[in-house]
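Following: one structure in structure tokens, then a few remarks.
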Amino acid sequence: MRAVWVLGIDTSCDDTGVGLVRDGKVVVNLVASQVRLHEAFGGVVPELASREHLKALPLLVERALAEAGLRPKDLDLVAATRGPGLIGALLVGYTFAKGMAFALDRPFYAVHHLEGHIAAAWPEGLPPPFLALVASGGHTHLYEVLDLGRYRLLGATRDDAAGEAFDKVARLLGLGFPGGPEVERLAEEAEEAIPFPVPLRGQEGYDFSFSGLKTKALHLVEKGLPKAALAKGFQEAAIAHLAEVVLKAAKDTGHRVLLVAGGVAANRALQERFKEAGLEVHFPPRGLSQDNGAMIALAAWRRHQRGFPPSPLSLGATAYWPLEEA
């Protein structure tokens, strides 16, 4: 049987992602990072992100096809992130992908960004139901995955996303952007941690909150306390918070399988904490934690294999799109 090739594109925020998947296996995963561009501003500037996507995307698609030894007409499916995300950035990749699908007369799949993250951590052959934690710079959501395309939101952040909190604390500490890897690196230098309170202990639900940790970090920075110990304390509290909420949900639902996806999933201390939790835990392969196009191609391939119909080309991109409605 002839192989099925899927092109996936993600421009939901500040990374231009292009991936190629062959029969559910990632063959090419290219990401054009805008970190240096936005670093001076301490965060993503939406208009600049959109302009950079316009520059990078055509070249990245051309390079991906060349690396796989493919011509555009060899593609079987084209997919792109429809949302959620920065609408200007989303439109660049989404419109480009729809144009390719139309020109090549190929099926087009509009993919939810968070379903892409879940697909990246979802091993082939793992049956649902299970829990999925998506923790990144823009999202911190805990889902019960009932099946492909069937998700139940258990809890979400009440304020900052986990990755956003890492970025903001990194800025307070005078570190680079994105802040997650920088805080992790600095925390590893500390022998002792300055204690931080773990948020929402004793709550009945499964929500998250990171704004209090950020405020605590600000007060400690103003006191001139050691930065490495501060970073370690913040990271330990943030990870403990994520773990406690997830473990409570696992106990209440009876699920023993957990997927951890999104950029924060690359944090080594977080990985160790969840591995010690007594659950069967799955993380994305190296390179698939951050935003990328390969995860979008994976999600589209799985939908295609399961008989989900392609998306109409008339369907527009959207900044707000609950995963439960995808």
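Even glycines carry a Cβ here, placed using N, Cα and C.
What Swiss-Prot lists as Fe cation binding site is His113, His117, Asp291. Sequence-distant neighbours of His113 (Fe cation binding site) (same chain, 6+ residues apart, CB-CB distance under 8 A): Asp10, Ser12, Thr81, Gly83, Pro84, Gly85, Asp291, Ile296. According to DSSP, His113 (Fe cation binding site) is assigned to a helical segment.
The annotation substrate binding site is assigned in Swiss-Prot to Val134, Ala135, Ser136, Gly137, Gly138, Asp167, Gly180, Asn267. Sequence-distant neighbours of Gly137 (substrate binding site): residues of the same chain at least 6 apart with a C-beta under 8 Å from its C-beta are Cys13, Ala161, Gly163, Glu164, Asp167, Pro178, Gly180, Gly263.
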Within the chain of Val134 (substrate binding site), which residues six or more apart in sequence place their C-beta under 8 angstroms from its C-beta?
Leu114, His117, Ile118, Thr140, His141, Leu142, Tyr143, Ala261, Gly262
Identify all same-chain residues not among His113, His117, Asp291 whose C-beta atom falls within 8 angstroms of the centroid of the Fe cation site's C-beta atoms; report them in sequence order.
Asp10, Ser12, Thr81, Leu114, Gly116, Val134, Ser136, His139, Gly262, Asn292, Met295, Ile296
